[in-house]
């Protein structure tokens with residue numbers, strides 16, 4: 001479904017993100033009492049009166065000021081208006097009409113986009129009508145008093161909004177693959193997003209922390225629809241102060257949790273840091289498919305063996321993700337960027353894959369023939385009766401054995417490796433659940449499922 005888009009526009013700190021959260025009935029937009037919290041444009045879906053649409057939140061718009069990030073924020077606002085079906089100009093009722101409001105209103109009047117004025121911070125209905133009346137001078141029609149914090153007036157505002165929107169262009173509601181771009185600050189995540197999209201979708205700067213929110217971007221590659229999430233850079237907890245970065249990092253962790261596949265971006269120049277290792281552990285812990293993207297490869301002096309040496313060194317430190325594909329790219333030049341989708345799609349497919357019990361047991365039987373389960377000093381030997389896949393996302397296998405304690409970590413890793421070697425599963429973690437059960441307790445189950453035991457007591 002292609003949804004009509006509403007662009008939320010206004011000066012810094014007039015309550016745009018709070019209003020977005022109110023209209024979308026969510027807390028996805030970061031709200032903090034400080035100008036410049038929202039920089040890139042961020043999207044959320046909403047519905048009202050049986051009509052669905054998406055709202056794009058933008059940074060505070062300031063003309064004639066070239067201070068840090070303001071030119072880039074302007075570019076993001078301009079792009080948001082280009083794709084919008086409707087603009088919602090948010091102003092501060094308590095402050096009244098400012099020169100900034102007049103400049104934005106003039107720009108909107110010269111655009112071809114229909115605009116509705118929302119006068120925010122009108123907590124009292126009676127007083128709100130009085131405060132809103134001043135904004136007739138913007139020349140954009142009737143101003144509408146609302147309170148983003150308390151919700152008053154937002155229902156009437158939404159009634160106006162859906163009345164101005166075009167009918168939804170309904171297409172096949174195709175599944176979207178959720179891909180999050182994860183990494184430390186300044187490893188090139190936003191540059192990678194821009195390279196993938198072929199436009200300046202996110203603000204890029206050498207200053208750490210430019211991205212403070214998680215940015216969702218829809219893109220179609222081949223037959224697949226992707227939702228790409230660019231996340232805030234994640235630093236050590238002790239270096240993170242309460243505020244926008246704190247909220248952004250929480251959003252980034254949530255992005256991992258809701259992803260089908262994570263793209264962990266590593267800086268080729270800096271190599272793997274402690275924080276990279278923690279992020280790798282988080283991805284593995286959440287059971288997400290993953291590919292490792294080594295960015296800034298264009299900055300490395302190379303010979304014929306460099307890539308192999310670097311990969312070996314990186315993998316030795318990213319042992320949590322030993323199963324992930326590693327590719328070397330340059331977001332700046334676009335080198336190998338398109339390969340990301342191929343490997344990410346393969347990782348997603350492997351993450352969702354199911355294997356029949358008969359195939360699983362063929363692999364286990366062959367694995368045992370090459371290397372028998374260990375025998376304890378007491379003379380008791382491990383017996384592996386059979387295995388079956390019990391779920392996917394990530395692929396999870398239950399292995400029924402006589403006593404899990406007889407199977408040490410070395411042999412468990414061997415079995416996992418054999419499953420990967422014989423069945424694939426590149427790009428996804430595997431979970432092996434070792435369950436102790438007496439053979440006689442399994443007899444009815446294996447007879448019912450027509451399973452042949454690999455080993456018997």
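Each Cβ is built from the backbone N, Cα and C atoms, and glycine gets one as well.
Since this is a predicted model, take the numbers as computed values, not measurements.
The domain 'EngA-type G 1' annotation in Swiss-Prot covers 4-169. Residues or ranges marked as GTP 1 binding site by Swiss-Prot on the basis of sequence analysis: 10-17, 57-61, 120-123. What Swiss-Prot records for 177-352 is domain 'EngA-type G 2'. Annotation source Swiss-Prot lists GTP 2 binding site at 183-190, 230-234, 295-298. The domain 'KH-like' annotation in Swiss-Prot covers 353-438 and is backed by sequence analysis.
Sequence features, as recorded in Swiss-Prot, placed on the structure.
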residue : record             : contacts (Cβ under 8 Å, 6+ apart)
10      : GTP 1 binding site : 16, 60, 61, 89, 90, 91, 101, 104
122     : GTP 1 binding site : 93, 128, 131, 132, 145, 146, 147, 152, 153
297     : GTP 2 binding site : 268, 328, 329, 330, 335, 336
Using Cα positions only, nearest of the binding-site residues to residue 58 (GTP 1 binding site) (183, 186, 189):
189
Report, in whole Å, the straight Cα-to-Cα distance of residue 13 (GTP 1 binding site) from residue 189 (GTP 2 binding site).
26
Does DSSP give residue 297 (GTP 2 binding site) helix, strand or coil?
helix
What does the structure give for the C-alpha distance between residue 186 (GTP 2 binding site) and residue 13 (GTP 1 binding site)? Integer Å is fine.
26
Hey, of the binding-site residues listed (13, 58, 186), which one tops the CB count within 10 A?
58
Indicate whether residue 189 (GTP 2 binding site) is helix, strand or coil by DSSP.
helix
Surrounding CB atoms that lie within 10 Å of the CB of residue 183 (GTP 2 binding site), all protein chains:
26
Looking only at DSSP and grouping its letters into three states, which state does residue 13 (GTP 1 binding site) belong to?
coil
How far is it from residue 183 (GTP 2 binding site) to residue 13 (GTP 1 binding site), counting Cα to Cα, in Å?
28
Mean of the pLDDT scores, which run from 0 to 100, over the domain 'EngA-type G 1' (4-169):
84
